[in-house]
Protein chains: 2
Amino acid sequence: MPVGTQATVKGVTAAQLRETTATLPDVTAQMILGNTYHLALRPGHELIRKMGGLHQFMNWDGPILTDSGGFQVFSLSKLNKIDERSAVFHSHIDGRKIDLTPEYSVEIQESLGSDIAMVLDHVIALPASDEAVIDATERSVRWAVRSLNAATRSDQARFAIVQGGLNETIRAQCARDLAAHPFDGFAIGGLSVGEPPPEMYRIVKATCPHLPEDKPRYLMGVGRPIDMLEAIAEGVDLFDCVMPTRNGRNAFAFTDEGPLKLRNAIHKDDPRPLEDSCPCPACQHSRAYLRHLFVTGEMLGPILLTIHNLTYYQRLMHQAREAILAGTFLELLERHRALAAPKEM
Amino acid sequence: MPVGTQATVKGVTAAQLRETTATLPDVTAQMILGNTYHLALRPGHELIRKMGGLHQFMNWDGPILTDSGGFQVFSLSKLNKIDERSAVFHSHIDGRKIDLTPEYSVEIQESLGSDIAMVLDHVIALPASDEAVIDATERSVRWAVRSLNAATRSDQARFAIVQGGLNETIRAQCARDLAAHPFDGFAIGGLSVGEPPPEMYRIVKATCPHLPEDKPRYLMGVGRPIDMLEAIAEGVDLFDCVMPTRNGRNAFAFTDEGPLKLRNAIHKDDPRPLEDSCPCPACQHSRAYLRHLFVTGEMLGPILLTIHNLTYYQRLMHQAREAILAGTFLELLERHRALAAPKEM
């Protein structure tokens, strides 16, 4: 899922976003992610509801998943107080106090009208004591059940979020506790927050076996191509990450040969596109042109590389699906493991 | 002509630029403007030549006109020294000394491979004494003839530039002097530099009768919709201006009902598009959404309003052509005169 925090995937029109999958066979729509916290602050979920919901507001007719706000409470708010009832914190925009209960997160997401709503969870900073991790994890399970009970829309799916820090036992217990409830899918949260990738893979590997086989699994906030493929190997289906868009804005292009940093002088007079076979608008140009756009600070550089990277990520996920069906997934994974130590190009 | 100073119309892909005229009957290509001065500095005209020329470099298959650098010598360089041979000045990027002769401007533009090359002219700051204006104007004529003599490409048209400050007599003399040479078109330069619009109209009115009827006339750096229509009434054919793009980036939208400033709170919950009948991607959204993008600082706001404003300008020029053919141009002009005192909306 491309990340569309504030009702826009940064720098990309809805038509351009649709085109990132246009040449992939059997892919007719892709899901994007919106953020409950950001949208509740600006422009406000009541306004979006009045405007016909988030799909109409941002003119996106594909599926939308909304995050619950739990991660933003953790990452954005310096002053927050979490107790059993709610997370009380201060807006990063204007300092206004917000009392976010699991039920209020459901209400906001129902106003937004996303296709998939995430439950509010309690994300804690790592490292933390086992006691603190267990406390936050058990609270996350109770909040997840409260969210399920608060939901009123029959046209919105609800995903729970497994917490448990870097402790395999706590993760497994959390996964089993959540799997006992009729959620439509299960996310693995609280990862990709600074831990080394092998730690993340270890937790994903320990968690997936305890999740239902027939429900989608979503690894939140991940990640690099290799991270996604390693997680797919463990049974994960769905990802969101700002990496294709944020890196694109910073002149970093993903390619099947490894990353390219477009500000580097080596690209100065290179007539080749980023990738020969890529159908995206960036690949209608030379690397020399793309570098020129970044060197001169032109908006079109970030725009084109964002579109290229989203196209690359969508193609990678398509390749993973095709490889699974063809029984060649491990070859794809090995190829990307070889690429994963990025060379400066 | 949308302005593409540094080989990109800011914030807009080539495909989006083509779409700004897609719904206009009989409009299959539009010209854009590139800047000799900027492109010679970055990435360098030799590099662009090596990359196959400016069309290929920026992936634009429509016509391109390149400015000569004369206006940038005037507007960007604090330290410049102009004598009969050349304009010597310092790059605004790195202070490097550049010795721009009329012949070198031709050479750069031939490397760029634009469809229309402008001659190097001597633009002076106003107000100025008649002596100074006459001196710069006569030099501009001599430089224009030197440019004509230096040109080697048979596939590149060459436009002269009428100078003469705000003096009708000097302007008329310059126009007649230039018209004696086989230029492919004639521009009116040195206007839209801070003088009141009626002064500009007066000079355009005094100049046009002295230009050949069968060659295109180009009013440089103009302008507001009303300015273009007033100039068309005097016989001008072609314009360039950053207004649709720059204003778009600043949340200012042009519409047939007058301008809209999208940051204003009045648009906060307005479900209407900028214009009901506009086919552009911005008009697939509500004003409320566009305002949200600007309030939250999202790139998509400037992108969408740039596309809308370019679409508006192209439609306005199309309306002018149609009105001329239908004999209703003065009605169009009167309607825009009524709009021209912009109301805050």
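Cβ atoms here come from the backbone N, Cα and C positions, even for glycine.
Look at TrEMBL and you will find B:Asp67 tagged as active site, proton acceptor. Here the Cβ of B:Asp67 (active site, proton acceptor) has 30 other Cβ atoms within 10 Å, regardless of which shown protein chain they belong to. A strand conformation is recorded for B:Asp67 (active site, proton acceptor) in the three-state DSSP classification.
B:Asp240 (active site, nucleophile) falls outside any helix or strand according to DSSP and counts as coil. According to TrEMBL, the feature active site, nucleophile maps to B:Asp240.
The substrate binding site annotation in TrEMBL covers B:Asp67, B:Ser68, B:Gly69, B:Gly70, B:Phe71, B:Asp121, B:Gln163, B:Gly190. Taking Cβ-Cβ distances under 8 Å and a sequence separation of 6 or more, the neighbours of B:Ser68 (substrate binding site) in its chain are B:Thr36, B:Ser105, B:Gln109, B:Ala117, B:Met118, B:Val119, B:Leu120, B:Asp121, B:Ser147, B:Ile161.
Annotation source TrEMBL lists Zn(2+) binding site at B:Cys278, B:Cys280, B:Cys283, B:His308. Note: B:Cys280 (Zn(2+) binding site) has non-local neighbours B:Glu19, B:Thr20, B:Leu304, B:Ile307, B:His308, B:Thr311, i.e. same-chain residues 6+ apart with C-beta under 8 A of its own C-beta.
The domain 'tRNA-guanine(15) transglycosylase-like' feature in TrEMBL is assigned to B:1-336.
What TrEMBL records for B:221-227 (among others) is region 'RNA binding'. Long-range neighbours of the region 'RNA binding' (B:221-227) within the same chain, counting only residues 6 or more positions beyond its ends whose Cβ lies under 8 Å from a Cβ of the stretch, are 71, 189, 191-193, 197, 200-201, 239-241, 243, 254, 313, 316, 336-337, 339-340.
Mean pLDDT, taken over the region 'RNA binding' (B:245-249), works out to 98 on the 0 to 100 scale. The annotation region 'RNA binding' is assigned in TrEMBL to B:245-249 (among others).
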Rounded to the nearest Å - Cα separation of B:Asp240 (active site, nucleophile) and B:Phe71 (substrate binding site): 13
For B:Gly69 (substrate binding site): intrachain residues, at least 6 apart, with Cβ closer than 8 Å: B:Asn35, B:Thr36, B:Tyr37, B:Ala40, B:Ala87, B:Leu100, B:Ser105, B:Ile108, B:Leu120
Shell of the Zn(2+) site beyond B:Cys278, B:Cys280, B:Cys283, B:His308, same chain only (C-beta within 8 angstroms of their C-beta centre): B:Pro273, B:Leu274, B:Glu275, B:Pro279, B:Pro281, B:Ala282, B:Gln284, B:Ile307, B:Thr311, B:Tyr312
Cα-Cα distance maximum in Å, computed over every pair in B:Asp67, B:Ser68, B:Gly69, B:Gly70, B:Phe71, B:Asp121, B:Gln163, B:Gly190 that the record assigns to substrate: 15
Nearest of the recorded positions (B:Asp67, B:Cys278, B:Cys283) to B:Gly190 (substrate binding site), judged by Cα-Cα distance: B:Asp67
Residue, out of the recorded positions B:Asp121, B:Asp240, whose Cβ gathers the largest set of other Cβ atoms within 10 Å: B:Asp121
Residues within 8 Å of the B:Asp67, B:Ser68, B:Gly69, B:Gly70, B:Phe71, B:Asp121, B:Gln163, B:Gly190 Cβ centre (excluding the substrate site residues themselves): B:Gln72, B:Val73, B:Phe74, B:Met118, B:Val119, B:Leu120, B:His122, B:Val123, B:Ile161, B:Gly189, B:Met220
Cα separation, B:Cys278 (Zn(2+) binding site) to B:Phe71 (substrate binding site) (Å, whole number): 34
